Amino acid sequence: MHYALEENYFRGYEWWLMKEAKKRNPNIILMGLPWSFPGWLGKGFNWPYVNLQLTAYYVVTWIAGAKYYHDLDIDYIGIWNERSFDINYIKVLRRMLNYQGLQHVKIIASDNLWEPISASMLLDPELMKAIDVIGAHYPGTHTVKDAKLTKKKLWSSEDFSTLNNDVGAGCWGRILNQNYINGFMTSTIAWNLVASYYEQLPYGRSGLMTAQEPWSGHYVVEAPIWITAHTTQFTQPGWYYLKTVGHLEKGGSYVALTDGLGNLTIIIETMSHRHSMCIRPLLPYFNVSHQYATFDLKGSFSEIPEMQVWYTKLGKSPERVIFKQLDALWLPDSGGRFTLELREDELFTITTLITGSKGSYPLPPKSKPFPRVYKDDFNVDYPFFSEAPNFADQTGVFEYFMNAEDPGEHRFTLRQVLNQRPITWAADAFNTISIIGDYEWSNVTIKCDVYIETLEKGGVFIAGRVNKGGILIRSARGVFFWIFANGTYRVTGDLAGWVIYAAGPVEVMAQEWYTLTLTIKGHLVSGKLNGKSLWTDLHVSFPENGWAAIGTRSFQFVQFDNFHVEATP
């Protein structure tokens, strides 16, 4: 809902992603969690709890729309990612879900720290009843007493967030086990699933795998994928952890799970401190050394004749082994007892399930840099996605748009569609911006047709060498060429507009198309309006490289067309 009560269930890539996930695993669990909210919900405040009914309505319609338009059942809904919760809002949300026949949708709270949500639940029976799961972020494998006293499911509802090399894989292997052993958490959710964003943005390559080159099709199935498989191929949501789990004598840990129908899966990890540090929190030192561990299968498990063995050894080749099936353990002669030799940075899955498999995939296309010459005229009749490829919106939303009135060259454009600042999660910029291209680009020419819709206060820019994005977007530097509806232009060294290189009058007004051209070569910058030189050879010294970008002054409607960038060595 970009605007008050406006509903659109076909924006963004998330609907597509959920449907693709369901094709592969119909039982996969779907969860929603707002990070930000549309500005109109806040009635002028950066706060989603101004009108509790309205915010609950906004969330519940999204859940109902997921079912109505896409046949997707949302299983869990959160409150506000890593920000304040409102006790009355949680109760209103629960009542509204129930009233809409969505009793099956469970509430998870508060996707922040264990407190104050746990204590609040202990003091408030209605809140306790409304919340199904307590979710904490980056708990460092530990929980708190109040959370355990609620007797609710405890989840690490965001974790990992670490570079997906072997150290990231070690982090993931360690916390998948120890979040339960140390903190009784029965779910651990990795942020993020697939690193599909420009690598130089904050938290580059912090996904379980990497697919950050849509222009080449190159992707890498990184080690954390196979670490995940050690648990997820041999258990399912609904399996139970056994209580007889814990730490190994010389470092490392083991968990065991059962489906209650006779199947058993044991996962053992011996990740060393050095090779399993997550990005947060700080990991106290511990030691892991060579050891033998003996496991005794008791009760009904003592009847198990054979168990499959899957093995990973992280580190340098030639020792490195990723998710390999070893010889099965034959148990009848040993009375349900077996011993494993364990060295550091290893992972074993011992299981009764015979369905494990190391999936294969065709060799991905070779990695290539972003094309040096790139054009987009946005002429798409029925776009499959609402956003244009390769543009990465850092503030604001840029969507394909059709000008019904314009039968000519600018019938299909890209339009910035937010008309007010959202209720933000991070510190978004006050101007909208979408980045594109190669962060290493230095010498570039960027050309784009622009159309300011807002009279007097309207403004638009094209930019090069943009050096920051994500949570750091407010402080982005670069070379920004602005024109304004009041008949002025500006060249600034930053998105916020504090560093002014040049400014002056220019024949520009709203609701007319103009072509902007920005050329950056070495330390010199020049600009053209409609092909005529506006200024030449301005001297800039910083930054030396960065992305190309388009954007608007504040949150207002502006259209872009015939975007063209050319980078030269």
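Just so it is clear, glycine is given a Cβ too, placed from its N, Cα and C backbone atoms.
TrEMBL lists 1-233 with the feature domain 'Glycosyl hydrolase family 59 catalytic'.
Close to Glu82 (active site, proton donor/acceptor) in the fold, though at least 6 residues off in sequence, lie Asp111, Asn112, His137, Trp425, each with a CB less than 8 Å from its CB. Positions annotated as active site, proton donor/acceptor by TrEMBL: Glu82.
All protein chains included, Glu158 (active site, nucleophile) registers 22 other Cβ atoms within 10 Å of its own Cβ. For Glu158, the entry in TrEMBL reads active site, nucleophile.
The domain 'Glycosyl hydrolase family 59 central' (241-356): residue composition by secondary structure is 8 helix, 51 strand, 57 coil, according to DSSP. According to TrEMBL, the feature domain 'Glycosyl hydrolase family 59 central' maps to 241-356.
The domain 'Glycosyl hydrolase family 59 C-terminal lectin' annotation in TrEMBL covers 393-567.
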